[in-house]
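S.K.: According to Swiss-Prot, the protein has these features:
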ACT_SITE  247  active site
BINDING   13, 15, 99, 247  Zn(2+) 1 binding site
BINDING   15, 16, 17, 41, 136, 219, 251, 263  substrate binding site
BINDING   99, 136, 174  Zn(2+) 2 binding site
MOD_RES   99  N6-carboxylysine
C-alpha cells in the first residue's frame, strides 16, 4: 500500500510548553493533529479550570491561519487539588482530564502527588463523574532501578488504586513495558494506554550502543527490544485500549546535549509519519487509523474527526534541527534520518 487516507488523527499526550516555545510547538502539532491533550506541567503548573482556559487562549494565539486545531486541556494533580475542581472539569467545554505525576518523576513534576492515598477523596470524585485520570506510571524511590520503575508502579500503586476505584476512567500514559501492556489488557474498558512513536521504533540499544544518544532519552526510559516488540503488537492489534499519544516534549539542543540532559523526544513535526513507519514495518498499516484517529476519541467520549489526511509512501529526511525560542535550536526525533512516509 503506497497511499493511505485516514481520518485526521489526534494526539492524546503532548507538551507544548508556554511563552516563546508556543511559536514552534503549536504550528508543528496543529499541522499534524486535529486535537491534542495538552500537558499541564508548566512553571507554574496548570492547576485549575480557569488557568487551563487561559493557557488554551495562549495556545490558540499561535494556531496558523486556516488550520483547525482544538487543544484539549488537563489539570495538574497536586496534594492540594480540591474535590470540587472535578465538577468544574466535568462542566468545562475544553478541559477533559487531570494528570497525576508522582512527585519528581519527570520534567516539572516537583509539585506532583507525594502519596496517592492522600488524594483518594479527589479520585473518588473522578470515578463518580467519569473524568479521566492520566497517569505517569513510574515510582520515584531512589533505590528502584530506572528500568523497573514502571513495573513497580503497576504493583505498588495502580493495582491497589483500581481495587479501590474499579470504575475509574484511567489512561496509563506512554507505556514502555510488556508488563504495562498486559496489565492494561487485563483491565475493564475503563482503563486504556497511550504509546509514543519512540517506544515503537526504538529500544535502549538505539540510545546507548555506540555512544549515548541524548535525543532518544525520555521518561519512561526506552526499554529492551522484547518490551518494544510487545508494544508494537498491542499498538497494531486493533485493540481500542491502545491509542496515540506522542509525549512530544520540546527541549532546546543545549538542554539535551549536556552533562545532565533533559528527558524528552520532540516528535511533533513528523509524528504521524513516524507511527506509519512503525505500523508499516510489521505490515499493519491498515490498523493505523484506529490507533491514531478512532480509539482515543472514543475513550474520551468525543466525536471522531470528519476531515481526512493522506500519507504517501515516499522518502523524507527529517530536518537536522529546527528554530526554537529566540536564538536556540531543537533537534527533532530521528533528526537527519530518512523515513518512508510523508503527509501530503
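The backbone N, Cα and C atoms fix where each Cβ goes, and this holds for glycine too.
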S.K.: How many Å separate the Cα atoms of the residue listed as 'active site' and residue 13 (Zn(2+) 1 binding site)?
M.R.: 5
S.K.: Distance check, please: Cα of residue 16 (substrate binding site) against Cα of residue 174 (Zn(2+) 2 binding site), rounded to an integer number of angstrom.
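M.R.: About 16 Å separates the two Cα atoms.
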S.K.: CA-CA, which of the binding-site residues 13, 15, 99, 174 lies nearest residue 251 (substrate binding site)?
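M.R.: Out of the listed candidates, the nearest Cα belongs to 15.
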S.K.: Quick check: with 13, 15, 99, 247 left out, which same-chain residues have Cβ atoms within 8 Å of the centroid of the Zn(2+) 1 site Cβ atoms?
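M.R.: Leaving out the recorded residues gives 14, 37, 39, 41, 134, 173, 174, 245, 246, 249.
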S.K.: Measuring C-alpha to C-alpha, could you say which of the binding-site residues 13, 15, 99, 174 are within 10 Å of residue 219 (substrate binding site)?
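M.R.: Qualifying among 13, 15, 99, 174: 174.
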S.K.: Considering only the binding-site residues 41, 136, 174, 263, which residue has the minimal Cα-Cα separation from residue 15 (Zn(2+) 1 binding site)?
M.R.: 41
S.K.: Using all protein chains in view, find how many other C-beta atoms are within 10 Å of the C-beta of residue 247 (active site).
M.R.: 26
S.K.: What does the structure give for the C-alpha distance between residue 17 (substrate binding site) and residue 99 (Zn(2+) 1 binding site)? Integer Å is fine.
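M.R.: Approximately 15 Å lies between the Cα of residue 17 (substrate binding site) and that of residue 99 (Zn(2+) 1 binding site).
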S.K.: When neighbour density is defined as the number of other C-beta atoms within 10 angstroms of a residue's C-beta, which of the binding-site residues 13, 17, 174 has the lowest density?
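M.R.: Each of the binding-site residues 13, 17, 174 was scored by Cβ atoms within 10 Å; lowest is 17.
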S.K.: Which one is closest to residue 174 (Zn(2+) 2 binding site) in space, judged by CA to CA distance, out of the binding-site residues 13, 41, 99?
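M.R.: Comparing Cα positions, the candidate nearest residue 174 (Zn(2+) 2 binding site) turns out to be 13.
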S.K.: To the nearest whole angstrom, state the Cα distance for the pair residue 136 (substrate binding site) and residue 99 (Zn(2+) 1 binding site).
M.R.: 8
S.K.: Please report how many Å separate the Cα atom of residue 41 (substrate binding site) from that of residue 13 (Zn(2+) 1 binding site), as a whole number.
M.R.: 12
S.K.: Please report how many Å separate the Cα atom of residue 99 (Zn(2+) 1 binding site) from that of residue 263 (substrate binding site), as a whole number.
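M.R.: Per the Cα atoms, residue 99 (Zn(2+) 1 binding site) and residue 263 (substrate binding site) stand 18 Å apart.
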